[in-house]
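Per TrEMBL, Zn(2+) binding site is recorded for B:CYS109, B:CYS114, B:CYS137, B:CYS140. The domain 'Aspartate carbamoyltransferase regulatory subunit N-terminal' annotation in TrEMBL covers B:7-97. As annotated by TrEMBL, domain 'Aspartate carbamoyltransferase regulatory subunit C-terminal' applies to B:102-149.
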Amino acid sequence: MDNKSLVSIDDYTKEEILEVLARAAEFEKNPNCNLLEGKVVASLFFEPSTRTRLSFETAISRMGGKIVGFTDSSSSSVTKGETLKDTTKMVSNYCDLVVMRHPIEGSARYASEVSDVPVINAGDGANQHPTQTMLDLYSIYKTQGTLENLNIFMVGDLKYGRTVHSLLMAMSHFNPTFHFIAPKELEIPLAYKIFMNKNNIKYHEHTEFNDIINDADILYMTRVQRERFADPLEYEKVKNVYILKNDMLENTRDNLRILHPLPRVNEIAVDVDENPKAYYFQQALNGVYARQAIIAKALDL
Amino acid sequence: MNAKKELQVSAIENGTVIDHIPAEYLFQVINILGLDNCDNSVTFGNNLESKILGKKAIIKIAEKFFEDDEINKISLIAPHAKLNIIKNYQVVEKKIVESPDKVIGIAKCMNPKCITNVEAVTTRFKVIEKTPITLKCHYCEKITDHKHIEII
């Protein structure tokens, strides 16, 4: 039973994305309900996560469901050498829905094929994290009133950032113009440029982080991580270039909102937090509503 | 074929000749097609001269006629392979191998962090480019290009 699972953002059509966003707006108005009454959700976190796990557990609790599971693999039978297949098979017998985070890429797709109940991917290594993408989309939709024809600026690590890649794929339904701001070492991978060329999506690449952001509707910041650089000198050169400071926002559009998947380290200066254009903390809250909508869809509720 | 030239692998009366197999992949082709478990008479030659490939292999299987999707499996390692269908010692049909749309259980995903390289999972790929053949893993969604295709 694979069809109700959400493993990759590509599993949703454009219509399904819009349906889930509309549902998320309803949950935002009335977060507490009893849709999951009598249902058990297994929350299998094979690697630790704070935000994603708490936001899922909050979503489930607010819908009246019960949660079973573990928060890292050291407290599960994985330490005894059990395979993912066996763990998934066994747990899917107990529950109505599986929420899973796993460090191995492709593990969520495999689990969805083994499981008798739907699986929601809460991150499979560097591969996919579709519920993050849905909360990003919900945040964009809510702050801009539309997903169509927006100028989306993405800044930082565009090479390894899975949230960047999934958001790019999802936004491709809505005629965006992308601007990518990144050091050469962390530029957007070729595969995505080919994808955008094939689909006639407008994009521009920049290495300078300056007043070009004045045209932005959405500024999507990500962390530039030291461990991504083979040469530590290269990291030292770029580490302070991709930092957003409050004075850079002076001439930006009124509707601009700044998103960040969090955790932030230093790529957004603390003085930005007070700016009304800063949206990353509300964005994290939107994750609860987006996940409520995704759970409801997975269970046909 | 040139009748004057001596055949390097004896002719068959009825069956299929698979020609232009890269020499280093002969045994993998045999494997993929399951010829090691086949009762028909199978003859093959390896390291034969080839203008295209340098060294090539050829396989002749008596009384065997492959379905297209059966034979297309070898396109991953032998993209230039050609099939001659033999009836009564005559070539009655020539076929070229075509890339399939899906590749199941034959190739290895090049991503070491992919679940198919960690647990006993049958690999599955979508063929996203036919020349040169490029595979996208159904599980980890990473690309395995033709230079990195490894046959299981």
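A Cβ is built for glycine as well, from the same backbone N, Cα and C atoms used for every other residue.
Automatic, uncurated: that is what TrEMBL annotation is.
Known features from TrEMBL, placed on the structure.
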residue	record	CB count, 10 Å
B:CYS109	Zn(2+) binding site	28
B:CYS114	Zn(2+) binding site	26
B:CYS137	Zn(2+) binding site	26
B:CYS140	Zn(2+) binding site	28
| What three-state class does DSSP give B:CYS137 (Zn(2+) binding site)? | strand
| task | Please work out the mean pLDDT for the residues of the domain 'Aspartate carbamoyltransferase regulatory subunit C-terminal' (B:102-149). | result | 91
| note | Its residues classified by DSSP, the domain 'Aspartate carbamoyltransferase regulatory subunit C-terminal' (B:102-149) shows 6 helix, 18 strand, 24 coil
| Under the DSSP assignment, what numbers of helix, strand and coil residues are found in the domain 'Aspartate carbamoyltransferase regulatory subunit N-terminal' (B:7-97)? | 22 helix, 39 strand, 30 coil
